[in-house]
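Asks: For reference, the structure I am asking about is given below.
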Amino acid sequence: MVRPAMSRSTSVIAMLILSACTGVQSPLAPAGDQASALHMLLIVMTVVCGLVYLLVMGGLVWALMRARSRRRKDEGRAEKRVDRALHVAAGVIVVGLTILITASFFADRALFATRGQDAMAVRVTGHQWWWRIEYRDPASGRWIETANELHLPLGRTTRVELTSGDVIHSFWVPNVSGKIDMIPGRRNLLDLTPRRTGWFRGACTEFCGAQHAHMAFDVKVEAPADFDLWLKTQAAPAASGAPVTGRGAQLFATKCAACHRIRGTSATGRAGPDLTHIAARRSIAAGTLPMTRGALQGWIAQPQALKPGTSMPAVPLLPADADALAAYLARLR
Amino acid sequence: MTADATLIERLDERWRDPPGLRGFLTTVDHKRIAARYIVTALFLMFLAGMLALDMRWQLSVAENTRMSPQLYNESFSLHGSTMLFLVSVPLMEAMAFWLVPLMLGTRNMAFPRLGAFSFWLYFGGVLTLWIAHAIDITPDLGWFEYPPLSGPSYSPGHRADIWAQMITFTEVAALAASVNVAATILKMRPPGMTLTRMPVFLWAMLIASIMTILSMPAVMLVTSMLIADRLVSTHFFSPAGGGDTLLFQHLFWFFGHPEVYIIFVPATGFISSIVETFSRRTLFGHAALVLSMISIGALAFGLWVHHMFAVGLPRLGNDFYTAASMAIALPAGLQIFCWIATIWLGRIRLATPMLWILGFVATFVIGGLSGVMTASAALDLQLTDTYFVVAHLHYVLIGGAIFPLLGAFAYWYPKATGRLMSERWGKVAFVLIVGGFNLGFMPMHFLGLMGMPRRVYTYPPGMGWETLNQVATAGSAIAVAGGLVFVGNALWAYWRGQPAGDDPWGGSTLEWASPSPPPPYNMAHVPVVHGLTPMWDDAGRLDVMDGLRPDRREVLVTSVTDAIPLYRQKSAAPSIWPLLAALAVSAMFIGSIFTPWAIVVGAAPVAATLTGWFWPSRPRSRSGPLGVNA
């Protein structure tokens, strides 16, 4: 019974190593200090627990073999030996647990090692089912808003302040750190120190209603210069580049502006995500669809078909109007 | 045992239920009540298992459209609520109801009518949840229903209320059952069965009952507060009204964690019984096993916060709960050691019940070790709410409780029915269930480590999760097929199995001294025991004592520690009042989903039925101190 289980687990581990290389949402591919500390702890624990498992199964197999053999020696002595072994087993368990508790304690400290240091503050607020993300504009000192896409400068600690606008959510970017809940009426802090550039994926991990499965966000770790440029672009209002007088802009002002904001225009709704630079994002509807003009148009036309239960209502539009609206949004870079 | 025919005839006449429907509705026979519990819970296990298969089907392909998000959310909520509240805990209580009086050599539970009431109320909870499902007001917020999601603002309608009231039903039933089991074990042991000579099985049931009594009030309180928030706009859990959402989680897990051990500790009782019998040797380390159980029972109340490591509580406090959670590996590990040592010292017989124990060790230890990993406050931030935890909890609950339970079914089935289950089909079911389970749930560890969150109705392609999900689906299907083989084997044996005789396995404890199936009065005489394994001591001779009247329902009451005979106690006769009381309570509970006035108005029928139930009908003076001449 033991052997097939072991060969199965070896093959699964092999599969795991192969797939871990591509993990954009995986604790097994750490890309930050916090995730690295946790990855190390995971390895220590897996090794210790694996050894204990082999020890227990070895003991069981030995016991079965002895119990089935005919030749038995002095039973009184055997019982004394087992009695001694009980104490040894208790000792082994206590030593093992002490190692693991200590390792856990130090990994926990590592997660919060940056807490005393200066860090860039970012606010993330969970909503059913999207993420409001706010950065401080270095030029003006004001908070500027974006949604569903988090950018992090490489090698610098970002301190994320987490809360919720409705129910409990949980913020998880496993490649960079562990998860922390977003609880209405509370503010939690999570330090992220990324060490590898690239795109990663974050997700909500606390069940938050019908579309919990479609509450993800993109994370981009980039060189500090690139990050500064991105932040500068985000801080600017949309009006600078995009034509605000076209058909699409007018439609947005009448059909969408009650819930969505586009800085630099008359659209100032706060119920839904800020769309000032939506076309610069990688995905729409909290990681549900890739950012393309077609996806934008589909999402505007049939949000309830793509993400049943979402707060975004289906807006009745003529085909030409939907086209114009999507064209307008696709220019908001 | 010398059983003279007239005595047996008189006992049978006195303890038999009335025939037909009247007997069905009024019975207080612990064996019939337990059988109802078991049949109901097994049927529910089948239904909830079908829900699980459906969910596995949905998850086997990325962006599958088999299920809508609403249906998926209802399915996992119903699966979890049913399995935890209506299957696992009631099954363990049922095993206690069935076995405790037999293992004590007594004629019934301490409070026979309360036992009937427990079942009827539990059945009310079953109907509440599943009729609600049939008419599409299924709870859809998980088995935990955290506010504010379950609060009035985000969950209008009655789905959340159904869930909360189902909890009230099952918890009142569980409290009643636990009080009954604890009183029976403490006060109705046979002469000679001092606490130090009490079999591990009875210790397990006693400890689980006490844990139930201590932990259930927390969840009843918290669901009542939730109902009050929803029904009469209290603000226990709304931050805007000065409440706190985390209060719910603390209270829920203060119950929720002990709940796991309320399921697991009885299983350790089954394991101890089976290992002892099939190793043909007294359990090694009786004291170590009992002390381990007691420490598990105590520690279980000090580690609920490990379900809340991600909510942002103070870090040093979390580390304390890490240490407390990991510490439970010590008693659990010592228990495993004692069982293995018993096998090592004994002469093993690998019949089906014993195979389940081997399957238990191989599977449960994985669950225990993944539990040690999730117990780390730091590492848990990567593991909690992912499929790693789904794997862990199923390894612990199925490997740790359901496997021993299936072993216990195979072990005590001949006692309950008088017939043996097929060993061959038993082994087929064993291989399918244990193999399918491991194939189905092992990949979930890796899915969790690869970042797949729990409770998602679908996931995007390209995450690398599909293959493992398909393996998991296949494994679950195999395990379900094995479950059907197991049930088929039991049904076939019920009518066609080989006659078992009184003691087919050579068991060590008193239940094997009664005929199979046991008659309504269980045993003709009260046994007297001299050791831990009464059926093996004194070369199989069992001493008995006399003095209970056969023409009345009488049971023997003994002292708590030393089991010295104290009283003859009249045992309650069949009665319709427990059923009527349960109906009245059910009406009040269900009414209170819709209006707070149901509590006021509904109290009157409850009072009336309880008055009827406790109406004095017997002269007190006829039971009294027992004149014992040692």
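Placed from the backbone N, Cα and C atoms, the Cβ positions cover glycine too.
TrEMBL entries are annotated by machine, without manual review.
OK, TrEMBL features for this one:
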type	residues	note
DOMAIN	B:15-530	domain 'Cytochrome oxidase subunit I profile'
TRANSMEM	B:34-53	transmembrane segment
TRANSMEM	B:83-104	transmembrane segment
TRANSMEM	B:116-135	transmembrane segment
TRANSMEM	B:162-188	transmembrane segment
TRANSMEM	B:200-227	transmembrane segment
TRANSMEM	B:247-271	transmembrane segment
TRANSMEM	B:283-304	transmembrane segment
TRANSMEM	B:324-345	transmembrane segment
TRANSMEM	B:391-413	transmembrane segment
TRANSMEM	B:425-451	transmembrane segment
TRANSMEM	B:471-495	transmembrane segment
TRANSMEM	B:572-591	transmembrane segment
Asks: Take the transmembrane segment (B:247-271) and find every residue of the same chain, 6 or more past its ends, with a Cβ under 8 Å from one of its Cβ atoms.
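Replies: Distant contacts of the transmembrane segment (B:247-271): 84, 88-89, 92, 95-96, 144, 146-147, 200-205, 207-208, 211-212, 214-216, 218-219, 221-222, 225-226, 236-237, 289, 293, 296-297, 300-301, 303-308, 311, 335, 339, 357, 360, 396-397, 400-401, 404-405, 407-408, 411.
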Asks: When each of B:83-104, B:162-188, B:283-304, B:471-495, B:572-591 is checked against the transmembrane segment (B:200-227) for Cβ pairs under 8 Å, which one has the most?
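Replies: Stretch with maximum Cβ contacts: B:162-188.
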Asks: Counting CB pairs under 8 Å, which listed stretch among B:34-53, B:116-135, B:283-304, B:324-345, B:391-413 touches the transmembrane segment (B:572-591) the most?
Replies: B:116-135
Asks: With the transmembrane segment (B:471-495) as the reference, find which of B:34-53, B:116-135, B:162-188, B:324-345 contributes the most Cβ pairs under 8 Å.
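Replies: By the under-8 Å Cβ criterion, the transmembrane segment (B:471-495) pairs most with B:34-53.
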Asks: Taking pairs 6 or more apart in sequence, does the count of Cβ pairs under 8 Å between the transmembrane segment (B:34-53) and the transmembrane segment (B:116-135) hit 3 or more?
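Replies: Checked: the transmembrane segment (B:34-53) vs the transmembrane segment (B:116-135), in contact.
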Asks: Rank B:83-104, B:162-188, B:283-304 by Cβ pairs under 8 Å to the transmembrane segment (B:391-413) and hand me the top one.
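Replies: It is B:83-104, which has the most Cβ pairs under 8 Å.
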